[in-house]
Amino acid sequence: MKPTPLLQISDLRTRIGAVRAVDDVSFSVSANETFALLGESGCGKSMTALSIMRLLPEHGTIDAGAVLLEGRDLLALPEASMRAVRGGAIGMIFQEPMTSLNPVLSIGEQVGESLRRHRNLGGAALRAESIHLLNAVGLPDAARRISEYPFQLSGGMKQRVMIAMALAGNPRLLIADEPTTALDVTIQAQVLQLLRSIQRERGMGMLLITHDLGVVAEMADRVGVMYAGELVEIAPRDAFFDAPFHPYSRKLFAALPGRGQRGGALEVIPGMVPALDSAFVGCRFAQRCDAAFDLCRSETPAWTQLAQGHTVRCHLAPTGSRTAMPVPTTSVTQAVMGKATALLTVRNLQVHFPIRSGLLQRQVGAVKAVDGVSLDIGVGETLALVGESGCGKTTVGKAIIQLVKPTAGSVLFNGSELTRLGAAGLRAQRSGFQMIFQDPYSSLNPRMRVVEILEEGMMALGVEPAAGARRKAMTRLLDQVGLAQTALHRYPHEFSGGQRQRIAIARALAVRPRLIVCDEPTSALDVSVQAQILNLLKDLQNELGLSYLFITHNLPVVDYLAQRVAVMYLGRIVETGDTRTVLEHPRHPYTQALLSAAPVISGPRPPKIQLHGDLPSLARPPAGCHFHPRCAQAMEVCRRQYPGQTEINSHQMVWCHLANQIA
Amino acid sequence: MMFKLVMLKTDALIFLLLAAVGIFTWYVRRHDYLRAPWRRVLTNPTGMAAAVVLAVFVVIGLLDSLHYRPALAMKAGQPVQYGVEVLSALDAMLPKLRTHKEKTYSAPLATHLYAKETIVLANGSTVRDYPRLKYGGAQLADPHTQWMRDIVQRIAWGVIEGLTLTALLVLLLAALLARRQPGGLVAALVRLLRGGNAIPWRTLLITCAILLMLGLVIVQLAAAYHVFGTDKVGQDVLYISLKSIRTGLVIGTLTTLVMLPFALLLGIVAGYFRGWVDDLIQYLYTTLNSIPGVLLIAASVLIMQVYIEAHPDVFDTSAARSDIRLLFLCLILGVTSWTGLCRLLRGETLKLREQEYIQAATAFGVSHWRIITRHILPNLQHLVLITVVMDFSGLVLAEAVLTYVGVGVDPAMYSWGNMINSARLEMAREPVVWWQLSAAFVFMFALVLAANLFADSVRDAFDPRGRVQ
């Protein structure tokens, strides 16, 4: 007889208006266990969590099902008792630490609020317990921080405060809704480590909601995969990562970029998640499934047990026939390596933003967003620029295409020096380089139709001045990026995120550039959509001989796409070289830490290099090597002097005192 | 020719505005993202009811803006001479209201004057009593016995006429809808009365019914009485109130017309270019904002008044004189009231210019002017619209207050402010003369309430945050 699980959800159905956001979901979470709900955006993960807390948005109703917490049905409780459960028995951590804290209350007050409500503490005891909690979540100098306000904290520290608040009521169950999605990879590693240790210490159950397979691999004991409002597969972690059964789960794995897929195309899931307000016949994934057969389209599959604890909702399961995992087509066209002719040469680029203060607005300092960056991009080459948020990598991109005026340095594009060109001269060059932005929702004007969006650049730069030829060019562009011709006369809001990013790519291509600066073009997209966009970028490169400056924080994407990589830290490049060399033999401690912080999905897990603290401010970078306060191997010389460039071999360069010694 | 058309300056601007609204409507119909919020306005019952009331006011105001000078009666062979009095289409439709002047005050629907006078009887003796009115209730032989019956009869007739017209309207509408929807006339009628359409026709019909009945009752009564009484010089108060509508509308709309270019241009330029341009514009509007508005308006209106008196040859009629003062008041109100919208637009532009689609346009080398007109202006449209509709009612009220203080429109001009100002003196008298103030209050209240309700529904429809899915 198994003990009653901590949380038992059975047949939960939640509706938001006509949308059946959660449909017949059952699972359980035991004490001391982490259950991960995995799925892409819009599949109902967050709604499941909100249904448990009974915090559904307006028009949201729970139609059926039971949510048993330690045997007590939460759905039957009156609202007044439910308030004791929220923050008491169940703690919740939200995705966005920037907006989850009230900016006008000090963090002590916010943590204390929950302590007062659920633990009846007050006065000195309250303060002592608040400090204790903040210490427990690893907030440095908690006694002083307690009277600070959220704006004085970094993103990682805010997330720690959020965790402290969730822990204040001594919860038995912690719901973490994408707790690290908004954080950088090194901070993510810190927060995940913290969550793991707290859970072990307190013996809590944890419901982890995420779209990131890597986070699941690091954290979960059991995994539930959600698709279109229902669970399709539940399995223990190891079983899931060794042999995922459901075609959707397997597609998710295959869509992940990485070295294995290099040179080939990524697996994509065709089509889109079906609208949840329609009635479903058969399996919800059938339309997008390679292995679907007649039964899938007519009958909803039932749960089948594959092994102890591993159940799946698929018609293939009872027959036992497992379609072979599609093997990625390897090394179709390996780009010719070697010295390509340089298209872009950047030397000692600096972008400083002045800090002014006082009555006369005198300059008192500068934010050195970019502080002496040099890089080269050859024709048809992809250079990845990697770094955490706030390290200045986006500013490098914008300074190269002259959206931000560089303070100093040279940008030589195709033989002309961009920094010295006037407005007219620059316009003549503009069609040569374009940018693709991170957020497809804010990069398209909502008031313009696609035809107007595409036309704008062509008209401004005089590409295809004749209307007929322009129309033909736009037709071809839509073909190239894989959109239907009917898209031309529609507005951006009628498209999904992935489609919008295709429009943004078409807009950049419209003026026939030779270099495209891609600023995290896939970070706002789901894994399967990311795969589509990455495939598209790669195809376009092969077809048109484009060069990319690919700005990202996602190392597997770099591994998949880029020939060369440059790692940036606090406005400077710390290591650069061939992707393979740098990623396999990183020489700079920061590169090593970045690589180690990225969650590993399969294979052996090397020991983590934990980076302590946050990224320092660009306005006041540390003296000597910028990285030394966070570096485990820092020496005396690192504190005094910025290291010079060391050429390890023809494929790798690094800026580190350590490399000097070894070499 | 029976008359000579007169185009006052404000008339010209009103028709210009009408043309602008027409062009805007055509533009909206062609743009999906603009049409969608207006469709939401159309489906809001309160907003639509308010729109009907507003439409009545606008129609009266427009009729009152078609000005002419009638030809004077001349002997044959002489060249035609035109009267100095400027009349409007509204005057032509209400000849009785305009010309039926009593001696002095009379209460609403009264048959006798409000003050006792010495009356010379037929036999030569004199008596102090309330004399009969020249027009009000003149058809009654014995007012004391017949008055009540006559009033009730007229109200009943008005209601019956109103109901009949409403019924006709319902049938007409049902017939029109039946052509577009399946199920024939009866089905359309049922759907109409049960409120089963997307556009709240039923609410619209109820509003129309109430307005029709009210209007026809007033028409019936006004044929023989002064519905809102008469003022000090015996002028019909209903007539004054109706004529005041145009003044209120002109102030509310033309001021916006004056203010918009300032607010749009300066707000967007400040937010878009930042730097010293922004500093300059900010200094400008903070300075302007810190001067007391009434003081500025009083000074400007006085200057204008001096100018008018010094150049009598420029203005051929007294209507032209008071009209130029009204126009000037609109100008000066506009110049002092653009700061709020300007500040709002500057803030929004500051936010918009950092949007990635604007950066993408910059990367294409698109010119500043084109970025402003193609990318920023369309994304500010909802703010402008909401502010304009919200400001309208405030300006109508501002006119009343300024005129009351004595720095508003010309004292000879019909306006609610002037009505209140002249009623002020009589508030202290016993028995009190209340109807002038009440009439001005009722009309202003109806207009401002309708405008506010309409503004609310526009705001709800255009505000992206308030949208309920």
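Placed from the backbone N, Cα and C atoms, the Cβ positions cover glycine too.
Here is what TrEMBL says about this protein:
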DOMAIN    B:245-455  domain 'ABC transmembrane type-1'
TRANSMEM  B:12-29  transmembrane segment
TRANSMEM  B:41-63  transmembrane segment
TRANSMEM  B:155-178  transmembrane segment
TRANSMEM  B:199-228  transmembrane segment
TRANSMEM  B:248-271  transmembrane segment
TRANSMEM  B:283-304  transmembrane segment
TRANSMEM  B:324-345  transmembrane segment
TRANSMEM  B:383-407  transmembrane segment
TRANSMEM  B:433-455  transmembrane segment
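Outside the transmembrane segment (B:248-271) by six or more residues, the chain places 10, 13-14, 17, 57-58, 61, 277-278, 281-282, 284-285, 326-327, 329-331, 333-335, 337-339, 341-350, 352-353, 372, 376-377, 380, 384, 388, 391-393, 395-396, 398-399, 415-416, 444, 447, 451 with a CB less than 8 A from a CB of the stretch.
With pairs at least 6 apart in sequence, the transmembrane segment (B:383-407) and the transmembrane segment (B:283-304) have 3 or more Cβ pairs within the 8 Å limit; the two touch.
Contact between the transmembrane segment (B:324-345) and the transmembrane segment (B:383-407) is supported by 3 or more Cβ pairs under 8 Å, counting only residues 6 or more apart in sequence. A Cβ distance under 8 Å defines the sequence-distant neighbours of the transmembrane segment (B:433-455), meaning residues of its chain 6+ beyond its ends; these are 46-47, 49-51, 53-54, 57, 105, 107-108, 114, 228-229, 231, 237-238, 240-241, 244-245, 248, 252, 386, 389-390, 392-393, 396-397, 400, 416, 419-420, 422-423, 426-427.
Within the same chain, residues 247-249, 251-253, 255-256, 259-260, 263-264, 294, 297-298, 301-302, 329, 333, 337, 340-341, 344-345, 348, 415-418, 420-421, 424, 440, 444, 447-448, 451-452, 454-455, 458-459, 462-463 sit at least 6 positions outside the transmembrane segment (B:383-407) and bring their C-beta atoms closer than 8 Å to a C-beta of that stretch.
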